[in-house]
Amino acid sequence: MFDAGDRGGGGGVVAVKRMKLCEEEEEEEEGMEVDEEEEEVGWVWRPPGGLAGEDEAAAWEGRAAAIVVSDAVEVDFPVIYVNAAFEAATGYRADEVLGRNCRFLQFRDPRAQRRHPLVDPMVVSEIRRCLNEGIEFQGELLNFRKDGAPLYNRLRLIPMHGDDGFVTHVIGIQLFSEANIDLSNVSYPVYKQQSNHRPNIQEINPASHEHIPKIQSSEYCCILQLSDEVLAHNILSRLSPRDVASIGSVCTRMHELTKNDHLRKMVCQNAWGRDVTVRLEMSTKMLGWGRLARELTTLEAASWRKFTVGGRVEPSRCNFSACAVGNRLVLFGGEGVNMQPMDDTFVLNLESAKPEWRRVKVSASPPGRWGHTLSWLNGSWLVVFGGCGQQGLLNDVFVLDLDAKQPTWREVASEGPPLPRSWHSSCTLDGSKLVVSGGCTESGVLLSDTFLLDLTKEKPAWKEIPTSWSPPSRLGHTLSVFGKTKLFMFGGLAKSGSLRLRSCDAYTMDAGEDSPQWRQLATTGFPSIGPPPRLDHVAVSLPCGRIIIFGGSIAGLHSPSQLFLLDPAEEKPTWRILNVPGQPPKFAWGHSTCVVGGTRVLVLGGHTGEEWILNELHELCLASRPDEDE
């Protein structure tokens, strides 16, 4: 829960919004329409994940939303306002509710001491987590009227911030509907958190233990006496997805707990990070967290497919750079005819019924370039760095908000920039910090430095990450993020004495440490099982922290489409080969490959001679597509 300390300063803002709520309620009762300005305040209900179709939309249309306001400054979020729709839906009068926490709706009887066993503890835990973090919650929860009748509550909790940035109030928007459920059908017993009764195994699951002699209570596993909420929120959610799946086979109760999708989401969120799970939720939609965690862990559903898209990227080009923004692919720049640097931007919306390339009309563009990097930042922002322009190599930084009404490339004035370069590698940390590594200078010298630029600063300044040792200078390598703050470098054309050779070495650095250091990974595996030396290849960072390597420029007869998997966090990292069915691309290059939503790897086209075919895409699907089950 939020700290109940002194957080004054925001009450006036929320008080005005509470008055707006009251005014809107009175207008509704009098049959008056609310104008557009008042509708934009944000009190319109939108179900989690959107409505499934017109029938469902019609079912909810016109239903009055129950509104509750709680004080986040006081202990336990006491209710300070309810509207008439709440009173009508729940049977509780306002004077019976004000000053209490809204959890009483989880009790079937007003005199009950704890919530009903059919109330999903994982949803309750998710609500608590969102309140603790001051973020919005959307979900469905079983509630009860004052007379004990069950209701489904489609709930949306919106935190309101004061002028000082602290959460001062929480708005609850609720849509209640009748729940036709058997309240006596409890799939597993839920014990009180404080209980002197120690049940034996027969009492836990009598049907499956009819012929087993009674076991003394002293031999009963104490952990099973914990409440479902404690087991889910404090223990199971902190384990890895693989461990949770294993625990689900222990007994019936654990099976029921671990198959819950809210728990699975908490497990994935704690293991992979909130930003990753948000992207996965947007891209995989109704796949389910249990199935998604299994498929991303085992890669059992991985497959290649080929498809075509419309539109054209003209003039034709090579050596461009591409990245993904949500479910959109963005392409910038490239090398045209007679080594002409290009400065245009194209986008491909994969959510469209018929995806096609279209040129983005921008009011200003960076100087044309090729051999640069294009990286995704938070939201709909992109960042371009370096490359080879009309007048030589560059070290400038430009950002673009793809969702702006008038998209404009804006140059970021930054202090202490690194040397101008091309064929370097870059990635982003926390969606806001640009990391640049290596590359080649104007004179052809290979670089081994690593720079960081925090784009959230009012005056961004480049900072070289000082290390006591650096990997050999190189270009055409990859730089990936795993474990939130850790960097993984692989391959490239590296300096080896007086020679420049393709590399298959791997290095890691934890940028979150006080003194980050590069460390070479001592990888293991059967002879010849690791990826052959290469440059300009593809490195895919999976949500679970593992890395997939394929493609690039490889010496000899090795196949660029062969996939190699490595977990750099293992005590002894070991390369493994992935055999994936489907139609892989003949060639794949790092600058023209994008990762969409954490589960889709898009390789842009092939090429005939010098001409790239950007209407042909190969997709490596790391998880099942929801439409495959239809």
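Note: Cβ is positioned from N, Cα and C throughout, glycine not excepted.
Here Swiss-Prot flags 54-126 as domain 'PAS', drawing on sequence analysis. Residues or ranges marked as S-4a-FMN cysteine in Swiss-Prot (evidence: similarity to another entry): Cys102. Feature annotation from Swiss-Prot assigns domain 'F-box' to 220-268. Sequence annotations record features per position, and here Swiss-Prot assigns repeat 'Kelch 1' to 380-430. The annotation repeat 'Kelch 2' is assigned in Swiss-Prot to 432-483. What Swiss-Prot lists as repeat 'Kelch 4' is 545-597.
The predicted model assigns the domain 'PAS' (54-126) a mean pLDDT of 84. Cβ contacts within 10 Å of Cys102 (S-4a-FMN cysteine), excluding its own Cβ and spanning all protein chains shown: 23. Within the repeat 'Kelch 2' (432-483), the DSSP-based counts of helix, strand and coil residues read 0 helix, 28 strand, 24 coil. The residue listed as 'S-4a-FMN cysteine' falls within a helix when secondary structure is assigned with DSSP. Residue counts for the repeat 'Kelch 4' (545-597) under DSSP (helix as H, G, I; strand as E, B; rest coil) come to 3 helix, 18 strand, 32 coil.
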